[in-house]
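Asks: Quick one: structure below, then a few questions.
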Amino acid sequence: MLPPELQSRAFRPYISSSASAPSFATTSSSSYNGDQNPNPSPTSSSYYGGGAASRSRRASSSMKNSRLSPSSFIHNARMAVALVPIAAFLLDLGGTPVVATIIVGLMIAYILDSLNFKSGSFFAVWFSLIAAQITFFFSSSLYYTFNFMFLTLLAAFTCALANFLIGVWVSLQFKWILIEYPTIVVALERLLFACVPIIASALFAWATVSAVGMINAAYYLMVFNCIFYWLYSIPRVSSFKLKQEVSYHGGEVPEDSFILGHLESCVHTLNLVFIPLLFHIASHYLIMFSSSANVCDLFLLFFVPFLFQLYASTRGALWWVTKNENQLQSIRFVNGALALVVVVVCLEVRVVFHSFGRYIHVPPPLNYLFVTITMLGGAVAAGTYSLGMVSDAFSSLVFTALAIVVSASGAIVVGFPILFLPLPSVAGYYLARFFTKKSLSSYSAFVVLGSLMVGWFVMHNYWGLNIWIAGMSLKSFCKLIVGSVILAMAVPGLAVLPPQFRFLTEAGLISHALLLCYIENNFFNYSNVYYYGMDDVMYPSYMVIMTTFAGLAIVRRLSVDHRIGSKAVWVLICLYSSKLFMLFMASKTVLWVSAVLLLAVSPPLLLYKDKSKSASKMKPWQGYAHAGVVALSVWFCRETIFEALQWWNGRPPSDGLLLGSCILLTGLACVPIVAMHFTHVMAAKRYLVLVVATGLLFILMQPPIPLAWTYHSDVIRSARQSTDDISIYGFMALKPTWPSWLLIAAILLSLAGVTSIIPIKYIVELRTSYAIALGVALGIYVSAEYFLQAAILHALIIVTMVCTCVFVVFTHLPSASSTKILPWVFALIVALFPVTYLLEGQVRINKSWLEESGVDDIAEEDSKIATLLAIEGARTSLLGLYAAIFMLIALEIKFELASLMREKFAERGGLRHSQSGESSSAASVPPRLRFMNQRRASTMPTFTIKRIAAEGAWMPAVGNVATVMCFSICLILNVHLSGGSNSAIFFLAPVLLLLNQDSDFFAGFGDKQRYFPVTVAISAYLVLTALYSIWEDVWHGNGGWAVDIGGPDWIFAVKNLALLVLTFPSHILFNSFVWSYTKQADSRPLLTIPLNLPSVIMTDLLKIKILGLLGAMYSVAQYLISRRQYFSGLKYI
């Protein structure tokens, strides 16, 4: 038996090309399909841009006779199973520095990819991974975790190799690499499949050992080896080989189409069989032969993977040994029989007699005989049936006899009465008949007889014990266990019923899942056994994980075989997945609450999966219904959300945080509905963004919630009645938080206006009301939050914010009369700035000093100092407020002027083609659409290019005034807050990029000179502050020149002034070059570099040293830019 991709075309199911992985972070809606045309045409290659298109054409022409196909990497899901958890584990080991490095690197890669710079994005990803790995070496605790340097180096090398494999996997997501370098991607794919099983097994075992301990580490490694061997070592066809090769020789795939070769397959087999054993020997060599159980561990660690290897050979795992099916069958039979005997004997010693000896009611030595017959016979029967060896009448007879003997001996072992021994024998007979004949009546008889035996075993061993387990008596627990076992036995028989009875299988599976969830929920929340003072944990976390993934695997298998429908798959996936939430929260209701949430959220993902059918898309009423169900489910789960927030924060959350979390969860749960079924409805996207933003704002701001909006259940009330906070922290004065409602309203209004939820674009009156309401909300918020003591300033601040909002809104969406009013609005903002600044201090000084005129001198002096400090802080806040206002105005004007210039260029280009295409386009537009376009054109703003030339010439001047004022205020704040930091100018000078060319202040300033103000401001600031520092250090506080000519101060001043002057040539040349971009002699910038070296080496002031370094950098940059201009001119000529 071979995997589907290795079978002949006649016996392989069709696999849709949609399974191919999408390209990495592409910005175009079109994609390349290698199945349709392995040689892309120039038209399709235009997707990659000009240069990429030519490279694609060259690659296509070179692949006409190639056996490689540039299709997508189709094994992404298989790789994600191993590499995504590995990435999470490495991030956890590296900590915050590694996470920050990865985030910054991926942001840069995303920006470069969005700019269509594909190669830059590729290298940015790799550089971010390299930087993260270097950070990992310095930030992780590997050096303190291991006692031996060899283990530390081995662990570090393993992590580095895992990081490299993640980079290789990411590289295969770039479409242009698949097309331009087809041979390299084949090698990368082979490298991934060769290295991932070994590295993933080691890291998964490392993570498991870190969580549960080192005792059974070799067994964990063995399990992960088997899993990843099955995923990656079973032979598979490469993603980048032409599909026609699969049809060679009647469906036999050539060996060179496999991903892995002979060497890799052999290495994987050796790793599977020997590495767990060697690891166990290395870690337990002192006690390796101390007992029979330890010796059995050695045999089990070798022969269990060996048996798994033999079973995997039925899927082609031993293709590199031989392709003769008879030889493979003989290898499986001989080696499997020997390995099976060894494994069964070792399991008897290691597990059965060690852990379940009290349930064996046969005296020695007969107990060894009957247990061996039971286990070895059952293993032989299961092995022969799974290998397909039960195929004729004789083998069926032997299989039936073996089942009868195994059932009878097993019943004898557990103490079943000899009088009723025919019952298990008959049950074994009917089970064997079911497997050989697929007889439903036989399986029904087996279920009935098996249920009787299970009931007898439970009654005989547990029914009489007076024990409470998981909050219930043992008798109640036994009833649940018996019911679960009966359902588990009944489901296989129900699965073979005709399709019209499929609902019985679904009902049985759902009932069993509900019963299992109930049992595990009780066990995990009441995880201790109480019996006469005994306290012992009996249900570990790994049991929850094992039953969850086993259930999901069974559901997937039955779904693939069409035994159950999509609705049952949906319910079962939600029930099994909800059990995992118990691992993170110690709550009795978290399982059922998470199940309800998953059932509400997952229908868009699980019930409407087939996008090729029109019925798979939701109707509008279905979308509304699902959204309502999601909201109701979140409301139903509010107590669990409260407990989750309390667990995360360590204290009960506020009402605002709880409400915001519920709103955010509702919005995020509705994302699949909109993203998968209503992508064409812009209103749905806008309202979804508004809901998510509302939840985030409530979480961040945590406004006070009225009592009428809150729900205080017993759980919430009891959590908030704790006196621990008061006893630990005491009574704390809370700051009023009601202004946060105003900020939330302002942000939501802005978002509603931007997304056109509020139609301010077409109605001038609504636009005016919107701007005023936004300004009032922001003004009251700023006044109440930062200027609560100065009540007289509230009106001025509110007027300022209203004027700002009106200016910004009507600059972005102008009306017929706004071009005449907006300059006066800006003038009012500028006039309010000094009035507010001066009035704030004067009013507070007069008020404070009048109130304290009768206080003694010491208290009055202290009060005056406190008042002056408060005035200074309030004025600093005012400066920051007005700097932000002027920055916003400058940005808005810069954006509008750039938009108008683009519109002007588009208008010029459109006029050339409007004459020829006017008649044809008018004829092709339907009458209804033409009427809608005319109506929208009549309601659109009339602020066009001609209007800006006639009435909007004030915009550049206003933008320049706002930019200069913002820059000046920022310099003042720099002096007040940081004392005139040297590095601040490098962050403040880019503000001058917002300057525009106007007819008054900057007449000769154009787009060519846009960087000149930045460089001049940096140079001038550093020069002036350097002169001030020299003056302050030498003459500040001295009586004059006294001294002191020739003294140390005089030498200090002369030396630093001379070194300062030496930096001038480089700055003057570079600033003149930035203004004119006129090429100068190549030697002039280079000759000024040595002049900056004394300033860097000999100066006593940091500012002069920065000027020297900056001058040298300016000279080098000027030389390189001039050379580039020169060569560009030569190419043009």
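Yeah, the Cβs are placed from backbone N, Cα and C, and that goes for glycine too.
In TrEMBL, annotation is done automatically, which means it is predicted and not curated.
From a predicted model like this one, the values you see are computed outputs, not experimental measurements.
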Asks: Labelled transmembrane segment by TrEMBL, one stretch among 537-555, 955-973. Can you tell me which?
Replies: 537-555
Asks: Counting Cβ pairs under 8 Å that sit 6 or more residues apart, are there three or more between the transmembrane segment (443-465) and the transmembrane segment (365-385)?
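Replies: As far as Cβ distances go (cut-off 8 Å, pairs 6 or more apart), the transmembrane segment (443-465) and the transmembrane segment (365-385) do not touch.
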Asks: Near the transmembrane segment (477-497), which same-chain residues lie under 8 Å Cβ to Cβ, leaving out any that are not at least 6 residues past its ends?
Replies: 434, 438, 440, 443-444, 446-447, 450-451, 454-455, 458, 462-463, 469-470, 504-505, 508-509, 511-512, 515-516, 518-519, 558, 563
Asks: Below 8 angstroms Cβ to Cβ, which residues of this chain, lying six or more residues outside the transmembrane segment (184-207), approach it?
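Replies: Those are 68, 73, 75, 79, 82-83, 85-86, 89, 155, 158-159, 161-162, 165, 168-169, 171-172, 177-178, 217, 220-221, 224-225, 228-229, 231-233, 236, 238-241, 259-261, 264, 267-268, 271, 275, in sequence order.
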Asks: Taking a Cβ cut-off under 8 Å, which residues six or more beyond the ends of the transmembrane segment (790-809) line up next to it in the same chain?
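Replies: For the transmembrane segment (790-809), the sequence-distant neighbours (Cβ-Cβ under 8 Å, at least 6 residues beyond its ends) are 753, 760, 767-768, 770-772, 774-776, 778-780, 782-783, 822, 825-826, 828-829, 832, 835-836, 839-840, 843-844, 874, 881-882, 885, 888-889, 892.
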